[in-house]
Structures are given as C-alpha cells and as structure tokens.
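Below: the structure, in structure tokens.
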Amino acid sequence: MFSWLGTDDRRRKDPEVFQTVSEGLKKLYKSKLLPLEEHYRFHEFHSPALEDADFDNKPMVLLVGQYSTGKTTFIRYLLEQDFPGMRIGPEPTTDSFIAVMQGDMEGIIPGNALVVDPKKPFRKLNAFGNAFLNRFVCAQLPNPVLESISVIDTPGILSGEKQRISRGYDFAAVLEWFAERVDRIILLFDAHKLDISDEFSEVIKALKNHEDKMRVVLNKADQIETQQLMRVYGALMWSLGKIVNTPEVIRVYIGSFWSHPLLIPDNRKLFEAEEQDLFRDIQSLPRNAALRKLNDLIKRARLAKVHAYIISSLKKEMPSVFGKDNKKKELVNNLAEIYGRIEREHQISPGDFPNLKRMQDQLQAQDFSKFQPLKSKLLEVVDDMLAHDIAQLMVLVRQEESQRPIQMVKGGAFEGTLHGPFGHGYGEGAGEGIDDAEWVVARDKPMYDEIFYTLSPVDGKITGANAKKEMVRSKLPNSVLGKIWKLADIDKDGMLDDDEFALANHLIKVKLEGHELPNELPAHLLPPSKRKVAE
C-alpha cells in the first residue's frame with residue numbers, strides 16, 4: 001500500500017550516477033533546475049537558460065578596464081603573437097567585444113554568425129540585438145595558450161554620458177552576462193594615470209556578485225618610481241574599497257605586461273614575482289573549471305529558489321478581479337517587506353536575494369496575473385539536487401582534478417618563465433651557484449669554520465645541542481631550523497661536521513634573505529666530501 005511513496009523516497013536518497021562532471025551538470029540543470037526557472041519566468045528577470053556549450057566550453061578570462069589600460073596588449077603578451085582584429089594605441093582602439101579562441105586557421109567570425117553556432121557558448125547574446133552583435137566578433141587562431149583557455153577582450157570604458165549612450169546597447173548588462181560565464185575577471189588599471197570614472201565604477205558594481213572571480217592588475221607600473229608606485233597602489237586600494245563592498249581585499253597584481261624593456265627597472269624583481277603569481281592563477285583555471293561550473297550552478301539554483309518565492313508571493317497578494325493596478329504598485333513599492341517576510345519564513349540568507357532596485361524596475365513591466373502560485377514539488381526537486389546530487393558530483397570533481405596536471409596552460413608567455421636561466425628564481429636563494437664549478441658554500445666557509453671550532457668539536461663533529469646554541473641566534477622559528485638541520489645532516493648521524501655546519505649556515509642565510517627553503521637538498525649544495533655518500 002502507498003508503494004509510490006517509498007519509490008519517491010528511494011529516488012530522493014539515491015543520487016544519480018554520472019560519468020563526467022560536465023555530463024552531470026547538463027542533466028541536473030535540464031531535469032531539475034530548468035523546470036523551476038521556466039515556471040517562474042526566471043529568464044526574463046535574471047539570466048537566459050543555459051545550453052550544452054555553457055558546460056562544455058574551455059575556461060574563459062574576461063578583461064575589463066578603461067581605454068588604453070593595456071587590455072589588448074596584455075592578451076598579445078600572453079599569446080606572444082598578434083590576433084585577428086587586434087588594434088593597439090593610446091586612443092580608444094578596441095571598439096568591439098573580441099572573443100579570442102583556438103582555431104585551425106586565423107580568421108574572424110562576425111557576431112551574427114557566432115550566435116547561431118551551437119558549439120560556441122554565445123547563442124544567448126542575440127538578446128542584445130544587432131547594435132551589440134555588430135560590435136562582437138570571435139578572433140580564431142592556432143596558439144598553444146588558447147588550447148586551454150579563451151580570452152574576452154572588451155571595449156575600453158569611456159567617461160561621459162554621450163559615449164555611454166551612443167554604444168546602442170546595454171554595456172553593463174553585456175559585461176554581466178559574460179561575468180556569469182567566465183572563470184576569471186581581470187580588471188586592468190593604468191598605474192601611470194590612475195582614474196576610475198563613474199562609468200567604470202558602475203561596471204564594477206554590476207559585477208559585484210562575482211567578486212570571487214575578480215583579480216586586479218595595476219599595469220604599466222614600470223613608468224613610475226617606487227615611491228610614486230606605493231602612492232598609486234594605496235590610492236587604488238582606497239578607491240576599490242569604496243566600490244567593492246567586501247570585507248576581503250581583492251588581489252592586486254603589479255607589473256608591466258608587455259614585451260618591451262622596462263622604462264624604470266627598479267622594481268624588476270617585484271614585477272617578476274607578481275607576474276608569476278598571476279600566471280599561476282591563470283594556469284589553475286583549467287584544473288578548477290569543473291568546480292567553477294558546479295559553483296555557478298549552485299549559485300544559480302539558490303537565486304532561482306528565491307525568485308520562485310518572490311513571484312509566488314506577489315501572485316498570492318494580487319486580487320482576482322478589481323484594483324489590480326493599484327495593488328501592483330503597492331506590492332512593487334513594498335518589495336523590501338516581501339523580501340523580509342520570505343527571508344524569515346524560509347530561513348534564506350539576505351545575500352541570496354536579487355538586487356531590490358533592479359527587481360522593482362523589472363516588475364513594473366510585468367503582468368502579475370501571469371505569475372504562478374507556489375509549486376512545492378518543483379522546489380523540492382531543486383532542494384534534493386542541492387542536498388544529494390551536488391554532493392555526488394563533488395566527489396567526481398575531485399577525481400577529475402586529481403587526474404589533471406597541475407599546470408595545463410602552456411605556450412606563449414607561460415613557456416618563457418618555466419625553463420632555463422630566465423625561469424623565475426633561477427640562480428637565487430637555494431639555487432645560487434647552480435651553474436658554478438665550485439661549491440657555492442666554500443665562499444663563506446672560512447667564516448663558518450671559525451664559529452665551528454669554538455663549539456668544541458669531537459672527532460671533527462659537533463653535537464646537535466652545540467649546533468642548536470649557534471643556530472637559534474638567527475631567531476628563526478624552531479620549525480624552520482628543524483628543516484635546515486634535516487637538510488644539512490646529510491649522513492643522518494645526529495651531528496654536524498665542518499662542511500655540514502657550513503651548509504646549515506648557508507641555508508640560514510638563504511632563509512634570512514627572504515627565500516624559501518627547498519624540500520630536498522639540491523645537488524649543487526651537496527658538499528664535495530659528501531657527494532659519494534649521497535650517491
């Protein structure tokens with residue numbers, strides 16, 4: 001009796017099994033989330049329906065900034081080659097959105113042709129009309145960097161009302177559409193002329209739901225002296241603090257991202273370190289792409305649930321016959337109270353609600369009589385997806401991540417800093433002396449020997465206790481000194497001879513100069529007397 005109840009329970013408890021994360025996301029979206037979105041007209045308010053290409057596409061990087069901040073030059077620097085449609089200059093040059101993607105041959109696909117290609121994730125952009133599509137192209141070219149990621153170049157954000165209106169399409173809305181679908185948003189600022197216009201501020205605010213994807217690049221930093229750079233950096237952080245309302249500080253990378261000589265080379269080491277950090281962040285995108293798509297689907301599901309509660313509440317409050325227009329105005333004006341009631345009744349976080357002002361503007365143009373009442377079954381299916389199916393997919397995400405190499409983006413600028421003497425940190429810190437014929441520690445060994453013979457060596461060795469008295473003078477923490485001891489005690493006898501003691505002091509010097517210690521002792525640091533022992 002009532003066997004259907006048991007079947008429904010079993011279905012809820014046993015999540016679906018998927019072969020890949022991409023396949024799982026597609027099936028969950030189409031079977032569980034899309035029906036809720038369509039029932040409550042989610043796509044008219046927030047975001048168009050997702051398609052297969054949205055789940056299958058490569059990670060995308062969106063570049064945003066005012067004109068002449070170096071967005072197009074940054075892409076050229078990454079690729080180490082020109083791309084079709086590229087224009088660079090001090091004036092506003094890029095007047096189109098350019099999707100730079102991998103292709104067998106160099107060429108440009110115009111926007112109207114691009115939005116009908118089911119293999120590209122841009123089909124829903126046709127909603128922005130011809131004014132936008134005439135300013136949207138895809139630049140295809142064969143490049144090893146583009147085998148792993150795609151890059152979206154955007155028009156420079158201009159100051160002034162005329163420039164904003166004359167675009168003919170909603171620039172902020174287009175950027176928001178891209179922001180939902182990309183893996184990384186890079187905001188570029190020019191260190192030489194730092195200025196955040198009102199239009200740029202509005203764009204950054206429009207991207208506020210995607211702070212986790214945002215990174216900031218302070219470009220052209222080689223054009224100013226160190227003292228000025230500190231002031232510019234401080235001014236940028238202060239300005240961003242007023243625009244981006246998050247307690248966390250957005251990561252800012254300082255550098256000069258082009259292939260020309262540095263104008264003021266004082267901060268070369270800083271620029272190199274910052275460039276490596278940014279490259280590592282971009283290189284992590286393919287590895288984390290599945291997790292990002294899963295995260296975006298969860299975010300979308302939470303918004304769709306809240307949207308369903310809002311629409312059904314408005315439907316419930318509407319009279320069936322008379323006074324509909326007045327009631328509609330009253331409900332729109334009192335939307336904040338409806339938000340508060342839904343928040344209390346359903347224990348929903350305030351951060352899950354859509355922007356109040358924007359929602360009120362959108363509701364003005366809607367016919368409330370066409371809204372649907374609350375359908376619990378649709379919400380239960382989405383809750384079940386979030387509670388069970390997503391957990392199952394998380395396991396699959398970890399499996400896929402573990403099978404991928406750590407650095408997947410290859411070629412272009414990423415290749416030049418990996419190998420040889422121009423690799424980051426080559427010949428510095430523990431790598432100093434890597435190409436020398438002589439043991440690098442031998443330079444300072446006479447000084448270390450003087451200390452060694454004051455520590456009462458027995459049979460040419462000092463005890464761990466005596467070595468510790470000397471090593472703690474460096475004021476390094478015990479955890480660091482313990483690692484140095486482990487690296488220096490090559491024969492593992494718990495004592496140090498003069499070569500091992502000199503090596504320990506060399507490693508202390510490396511650490512005090514701000515470099516990281518290696519996990520294993522490099523071959524060039526092995527004392528000549530110990531090289532046969534190590535073999």
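Just so it is clear, glycine is given a Cβ too, placed from its N, Cα and C backbone atoms.
These figures come from a predicted structure and were not determined experimentally.
What Swiss-Prot annotates here:
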- Asp489, Asp491, Asp493, Met495, Glu500: Ca(2+) binding site (BINDING)
- 198-227: coiled coil (COILED)
- Lys315: SUMO cross-link (CROSSLNK)
- Lys511: SUMO cross-link (CROSSLNK)
- Met1: N-acetylmethionine (MOD_RES)
- Ser349: phosphoserine (MOD_RES)
- Ser456: phosphoserine (MOD_RES)
- 65-72: region 'G1 motif' (REGION)
- 153-156: region 'G3 motif' (REGION)
- 219-222: region 'G4 motif' (REGION)
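Here the binding-site residues are Asp489, Asp491, Asp493, Glu500, and the one with the most other Cβ atoms within 10 Å of its Cβ is Glu500. Here Ser456 (phosphoserine) is compared against the binding-site residues Asp489, Asp491, Asp493, Met495, Glu500, and the shortest C-alpha distance is to Met495. Closest to Lys315 (SUMO cross-link) in space, going by CA atoms and restricting to the recorded positions Ser349, Met495, Glu500, Lys511, is Ser349. Neighbouring residues of the recorded Ca(2+) site, listed in sequence order and excluding Asp489, Asp491, Asp493, Met495, Glu500, comprise Lys461, Ala488, Ile490, Lys492, Gly494, Leu496, Asp497 (Cβ within 8 Å of the Cβ centroid). The region 'G4 motif' (219-222): residue composition by secondary structure is 2 helix, 1 strand, 1 coil, according to DSSP.
A strand conformation is recorded for Met495 (Ca(2+) binding site) in the three-state DSSP classification.
Listed in sequence order, Glu343 are the same-chain residues six or more apart from Ser349 (phosphoserine) with CB atoms under 8 A from its CB. Taking the C-alpha positions, the distance from Asp491 (Ca(2+) binding site) to Lys511 (SUMO cross-link) comes to 22 Å. Under the three-state DSSP scheme, Lys315 (SUMO cross-link) falls in the helix class.
In the predicted model, the region 'G3 motif' (153-156) has a mean pLDDT of 89.
Glu500 (Ca(2+) binding site) sits 17 Å from Lys511 (SUMO cross-link), counting Cα to Cα.
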